[in-house]
Amino acid sequence: MSEKWDSNSSESWNHIWSGNDTQHHWYSDINITYVNYYLHQPQVAAVFISSYLLIFVLCMVGNTVVCFIVIRNRHMHTVTNFFILNLAISDLLVGIFCMPITLLDNIIAGWPFGSSMCKISGLVQGISVAASVFTLVAIAVDRFRCVVYPFKPKLTVKTAFVTIVIIWGLAIAIMTPSAIMLHVQEEKYYRVRLSSHNKTSTVYWCREDWPRHEMRRIYTTVLFATIYLAPLSLIVIMYARIGASLFKTAAHCTGKQRPVQWHVSKKKQKVIKMLLTVALLFILSWLPLWTLMMLSDYTDLSPNKLRIINIYIYPFAHWLAFCNSSVNPIIYGFFNENFRNGFQDAFQICQKKAKPQEAYSLRAKRNIVINTSGLLVQEPVSQNPGGENLGCGKSADNPTQESLIEEMGEATNSTVA
């Protein structure tokens, strides 16, 4: 497994295993250290397995349903929904390739698969993580253009597909050096104790083998900048601009408000809260893992600290990062009314308050996540003397913003249902 995403691929095994129920024997003047096959007691391993199983199920079910809904419903073939579809696909790859192998890495010693699987799994893991992060940026850019610059031409479906191809191309290019350097290596001074009958086995590990340690540091720094720091900066800046723009227009809706004006103002508040949620989730999910990886490469930690970090803290950091792929379907999909209705329609779920299918079809066509007309305002609006429909805070200078707020409220994750 690529050591960028696993937890135990340290080059200093003597630091990790020191004091971890090891025995030393001398063979041909070589100090052999025996380590247990299972890294944890059954109770601790059970906690790891149940925790990873939970996010794995959420990731697989949630992202599969999102893919099914977008592909099945033609009225949802829009720019933002295609980005959400791409996000779901990349998150599915995270669930398939990252979660199980990382869990295995956290509970057993060594690499149980061959050399080819070492390179393939490491490459796919890195690509899926990078593609997921880059897609979050693409969604932020799409929303930013629509809200802050509503008069600029909207992205077309063709442009969205080109963007998606670029996303995967960049992800492959960034992670290729890691795949090239990944090799399965034998741990000459360690053997795994397989049973109580003193049966042992050679320890193999899948890790990056750089010619110089400085090259590894440089590559880790490049990954940190391109997969975390730069995307985080872009997401925070663009969502801050979106929030400021919505807050500015919401200020015009103060004082005496008609019910519809109050409703639009509340929608703006919900969107602003949603934007803060997106940025905070991204920061909190990935910051611990990147902090640990940078610490591992740039600091000299004591053997005891290294052991604690690799055996206990790294698994939690990976779990937290993978949680982002599990909650993405919720915050980007199921808080969207179209996705909820599509879910009900796809699986023929009848609820007491469900509207007739004809009404849903009409509403779904009107609620397309991103449209180019800018004239589809869902709420009742007032009319000016010239006959133009205007909502609170909407003027001839910005006739599309209320439409975009409606769409943002539908298309994006919201903390308020």
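Even glycines carry a Cβ here, placed using N, Cα and C.
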Residue from Asn31, Asn324 to which Swiss-Prot assigns N-linked glycosylation site: Asn31
Membrane topology agreement for Val44 and Asp300 per Swiss-Prot: yes
Among Cys59, Cys206, Cys253, cysteine joined to Cys118 by disulfide in Swiss-Prot: Cys206
Asn20, Asn413 - residue that Swiss-Prot labels as N-linked glycosylation site: Asn20
Candidate annotated in Swiss-Prot as N-linked glycosylation site, out of Asn198, Asn371: Asn198
Most Cβ pairs under 8 Å with the transmembrane segment (46-66), selected from 120-140, 161-181, 218-238, 311-331: 311-331
DSSP three-state assignment (helix, strand or coil) for Asn31 (N-linked glycosylation site): strand
Asn198 (N-linked glycosylation site) and Asn31 (N-linked glycosylation site), distance between Cα atoms, whole Å: 17
Helix-strand-coil residue split for the topological domain 'Extracellular' (104-119), DSSP-based: 9 helix, 1 strand, 6 coil
Cβ-based isolation winner (fewest other Cβ atoms within 10 Å) among the glycosylation sites Asn31, Asn198: Asn198
Stretch in 83-103, 218-238, 275-295 most in contact with the transmembrane segment (120-140), if contact is a CB pair under 8 A: 83-103
Among the ranges 83-103, 161-181, 218-238, 311-331, the one whose Cβ pairs under 8 Å to the transmembrane segment (275-295) are most numerous: 311-331
